[in-house]
Amino acid sequence: MKALSKLKAEEGIWMTDVPEPELGHNDLLIKIRKTAICGTDVHIYNWDEWSQKTIPVPMVVGHEYVGEVVGIGQEVKGFKIGDRVSGEGHITCGHCRNCRAGRTHLCRNTIGVGVNRPGCFAEYLVIPAFNAFKIPDNISDDLASIFDPFGNAVHTALSFDLVGEDVLVSGAGPIGIMAAAVAKHVGARNVVITDVNEYRLELARKMGITRAVNVAKENLEDVMAELGMTEGFDVGLEMSGAPAAFRTMLDTMNHGGRIAMLGIPPSDMSIDWTKVIFKGLFIKGIYGREMFETWYKMAALIQSGLDLSPIITHRFSIDDFQKGFDAMRSGQSGKVILSWD
């Protein structure tokens, strides 16, 4: 079958031909319709330090997708041929303390689809049926293909009660923009997103965010004053991994504020911890999605009117995958969809 693989320990992704995956007793065989390119896939393409330590070569990559069930393992219940599905990209062990307690998103033995085992950039994918999520009929293939990153946004945004709150989102990548849109949709008062990438800030404006701020040109405290905010942000969603952005967030949080961190900062990031202590801030780390509460919330948010369509900016045939990766690597894109039909 046709697949996009990391064939060499160097920059690039290559189209290749690989055997179809074998279906296990507890698995689903999924015919891929559409996939989306993730920031992780760009890291793998670039063959950065993380990728060199993590990714086996050769391997089919990718973990954002929607497809159709075409094969069902003999032990599987609850699915039928023709079901339209996406899937949780973190495959968990089922036997550690967190898994047994129902906190599978905190499994210490997680294996990543397209990271530690073959991924979805292929005509067919096999995953455990436990990881599959049926897509409601009124959600498009395009939106279903970005459920994985949308889940990161939803998990982060819904970590805290947002109704009537003032929310700061640092980092206007696709996940940050989606998190800001979720916050606005569920009843936050002011949602402010910051970045230095004007293209992506304009995407945020199209999503109806209260204020998209280019911190290279505007002062965040001036924006707060413009919005009538006198005591700081109630909730912070840190999506950038940029130390300067996190320090600004700490400066502008209200006392008792709550911060959810999805962005991955450098390991040696220094901050003024006295601000955390004396402001009484609560900081929560976010990884992946809650299984499967986040997935049901994603579907419900879209069905209740959340419009994510502006975040999808580029669509290509899989044969033009290089154009898709070029768009993602340029920083001048939202989500990029690759069609396998």
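Cβ atoms here come from the backbone N, Cα and C positions, even for glycine.
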### Query
Since Swiss-Prot lists ASP195, ARG200, LEU262, GLY263, ILE264, ILE286, TYR287 for NAD(+), which candidate among ILE175, ILE277, ILE302, ILE312 does it give for that site as well?
ILE175
### Query
Highest CB neighbour count within 10 A among the binding-site residues GLU64, ASP195?
GLU64
#### Entry: Largest tally of Cβ atoms lying within 10 Å of a Cβ, found at which of the binding-site residues CYS38, CYS93, CYS99, ILE286
CYS38
#### Entry: C-alpha spacing of HIS63 (Zn(2+) 1 binding site) relative to CYS99 (Zn(2+) 2 binding site), in angstrom
21
### Neighbour count (Cβ, 10 Å) for HIS43 (active site, charge relay system)
16
### Query
Rounded to a whole number, how many Å is the Cα of ILE264 (NAD(+) binding site) away from the Cα of THR40 (active site, charge relay system)?
12
